[in-house]
Amino acid sequence: MVHAEAFSRPLSRNEVVGLIFRLTIFGAVTYFTIKWMVDAIDPTRKQKVEAQKQAEKLMKQIGVKNVKLSEYEMSIAAHLVDPLNMHVTWSDIAGLDDVITDLKDTVILPIKKKHLFENSRLLQPPKGVLLYGPPGCGKTLIAKATAKEAGCRFINLQPSTLTDKWYGESQKLAAAVFSLAIKLQPSIIFIDEIDSFLRNRSSSDHEATAMMKAQFMSLWDGLDTDHSCQVIVMGATNRPQDLDSAIMRRMPTRFHINQPALKQREAILKLILKNENVDRHVDLLEVAQETDGFSGSDLKEMCRDAALLCVREYVNSTSEESHDEDEIRPVQQQDLHRAIEKMKKSKDAAFQNVLTHVCLD
């Protein structure tokens, strides 16, 4: 039987130390148990930690100091691209001189010479720029070259970054995109294939998706209220007709990046083959005339096929002397012709495949 005096007497020093020790152990076990359970419930926790580490590394690379970022801003910062690490310049883009000139005047100059235009609202850089046109014509290259030339921080935003299984998290991530861009300004938020993210809204849209789009557009509108804000949303698409009309209103500066014409194709070919082993008798104007309807990426792939023909010939050669020389012959006119024919057959086959899937009423 425990006497009442045992409860009323003061605890000895050893008993107090023992009690504190047990409480400490209990608290530590409880903390780590709860932490483990939270991590187990959220399977993306590990990815978030890795994204935070990557974001901190990128922030140091671009020289950003004393800027506090929230957890959501850290998730977006993982998609930052350092302009100094972009190995793309205007000299890497051929056949788009008019577009480049317009971009320099309307986007780059107001950012680089901000002090000249600070008293004019009309001459501020646009808050939205749309690059549209057929695939493979250099839209993404133009966006990167613009960011590098203007010295802007480049946020390569993937639509999947803004999706989260928890209700309300997508809106917080959308808000973090703009709050981060403002903290790092001048900055460009680039959305490739923007039509897949901000396409025409309909009543069949999921509630969470509709709310996230509305939040994104509302924050985008907020950029217009601060005329000194140097944040630009730049999008690229092959299907501008699928974009929501509210998005088109927010992107008043639009550039049509069309398939290259004859002189543009010749300039692109010169750029692609500039540092390659090409026979001096190759007539690039003739090649350009035979590649009507080819995009810039088509021309690059065609030149690669022509160069591979030379490599294949070297590999298949049975002459030991030729292997001893260890040289691959230059690309010749006939190699380019063969590559053109191969590319045309591939494009025709793809077109026929599309036609077979078209439903005829």
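Cβ from N, Cα, C; glycine included.
Around K139 (ATP binding site), a 10 Å sphere centred on its CB holds 24 further CB atoms from the protein chains shown. Annotation note: K139 (ATP binding site) sits in a helical segment as assigned by DSSP. The ATP binding site annotation in Swiss-Prot covers G133, P134, P135, G136, C137, G138, K139, T140.
Look at Swiss-Prot and you will find S322 tagged as phosphoserine.
What Swiss-Prot records for 1-15 is topological domain 'Mitochondrial intermembrane', and it gives a curator's inference as the kind of evidence.
Sequence annotations record features per position, and here Swiss-Prot assigns topological domain 'Cytoplasmic' to 33-361 based on a curator's inference.
For 16-32, the entry in Swiss-Prot reads transmembrane segment, with the evidence type sequence analysis.
Cβ neighbour counts within 10 Å, taken over all protein chains shown, single out G138 as the most crowded of the binding-site residues G133, P134, P135, G136, G138. Applying an 8 A CB threshold to same-chain residues 6+ apart, the list for T140 (ATP binding site) reads D192, A236.
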